[in-house]
Amino acid sequence: MRYTSLFTAVTAALASTAAAVGVSGAAEGFAKGVTGGGNASPVYPKTNDELVSYLGDSQARVIVLTKTFDFRGTEGTTSGTGCAPWGTNAKCQLAINQNSWCDNYQPNAPKVSVSYDNAGVLGITVNSNKSLIGQGSAGVIKGKGLRIVSGAKNVIIQNIAITDINPKYVWGGDAITINNADLVWIDHVTTARIGRQHIVLGTQADNRITISNCYIDGVTDYSATCNGYHYWGIYLDGSNDMVTMKGNYIYHTSGRSPKVQGNTLLHAVNNYWYDNAGHAFEIGSGAYVVAEGNVFQNVKAVAESPISGKLFSSPDASTNKVCSSYLGHTCQINGFGSSGAFSQADTDILSKFKGKNIASAAAYNTVVSSVTANAGNGKL
């Protein structure tokens, strides 16, 4: 009788643990309603090949990472001639001559020898209806990013780190690429030591995207600004995109943090930018940006000049009241410390937000403690 009771208790405990494995919380903002792999039984890849297979097949899946998956060296290396557009100082990034980029766009740059890891150049394909989640702080992908493209939809990436993708080389690879997709939630993801973009949304329609609680770590040995600050942070360039950025920690970058253009509606709320040696926002034609409740600390230029797109920077309490008719709340002012100016009130863009799923906004004075405690993997 005791053995039966013990067996029953153990079985129940295991079942409870299994049932608890899954996505934590729910997406706010434009990707609200995303379910990823839903209630699919979790799978635990043990090898790189298993991980690639689970992410790329046609089944709804909850994929749990319990270890580091290191792709470096798995697809060989390529050596050749690249270029040094930013100089030959040991701290400068070099460029791979991808699609003759050096020849066509940097013909006067010094030619240099390059040797890069092939695995990093193109990320792992992620198909529709997937949840990729890390267990604790153990879920890490090294040397290769993720690609959510070609019509993929309903995808959740949560609580993992993506690191060490050819950091010396521009065109060496991106951490997360989204292009021609819909309903994608990137949450509690750490990216570090990346050759090109930490997160990039391509020129096709990427539709409804939420990027939340992520840690964009720009500390690097090589950068396009030759100073240890990564330049290629976040690039939002889709033709019909709605992007929520909330609760992210964007640290030690020098540009494109984010660059916004194409036809992109961006709600940037309660993010923390710290220690930027160049510029954070780059707002190009076709960008419609509402920024509220953020903190900019030691950011040389909060927005690169000129601003070609549209911006509502939530400049003051009186002006911010207009938000309530469109976003459902009064916009929160941003906080600044040793940072450049950021004040523009293109109120005509607010109507574009009306009727959409809009993330809530807290006062900026809560942001630093909240973001530093919660952003990145291992902090669920």
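Backbone N, Cα and C atoms are what each Cβ position is placed from, and that goes for glycine too.
Source: prediction; values computed, not measured.
The signal peptide annotation in Swiss-Prot covers 1-20 and is backed by sequence analysis.
Cys83 (disulfide bond) falls within a strand when secondary structure is assigned with DSSP. Among the features that Swiss-Prot reports, disulfide bond is placed at Cys83-Cys102 (among others), with the record citing similarity to another entry.
The DSSP secondary structure for Cys226 (disulfide bond) is coil. Around the Cβ of Cys226 (disulfide bond), 17 further Cβ atoms fall within 10 Å across all displayed protein chains. The disulfide bond annotation in Swiss-Prot covers Cys92-Cys226 (among others).
What Swiss-Prot records for Asn129 is N-linked glycosylation site. Secondary structure at Asn129 (N-linked glycosylation site), taken from DSSP and collapsed to helix, strand or coil, is coil.
Around the Cβ of Arg256 (active site), 24 further Cβ atoms fall within 10 Å across all displayed protein chains. In the three-state DSSP scheme, Arg256 (active site) falls into the coil class. Residues annotated as active site in Swiss-Prot, with sequence analysis given as evidence: Arg256.
Taking a C-beta cut-off of under 8 angstroms and a sequence separation of 6 or more, Cys323 (disulfide bond) has the following same-chain neighbours: Val290, Glu292, Phe312, Ser314, His329, Thr330, Cys331, Leu350. The feature disulfide bond is assigned by Swiss-Prot to Cys323-Cys331 (among others), with similarity to another entry given as support.
Look at Cys331 (disulfide bond): DSSP puts it in coil. When the Cα atoms are compared, Cys226 (disulfide bond) and Cys83 (disulfide bond) turn out to be 15 Å apart. Look at Cys102 (disulfide bond): DSSP puts it in a helix.
A simple way to gauge crowding: the CB of Cys92 (disulfide bond) has 19 other CB atoms within 10 angstroms, across all the protein chains here.
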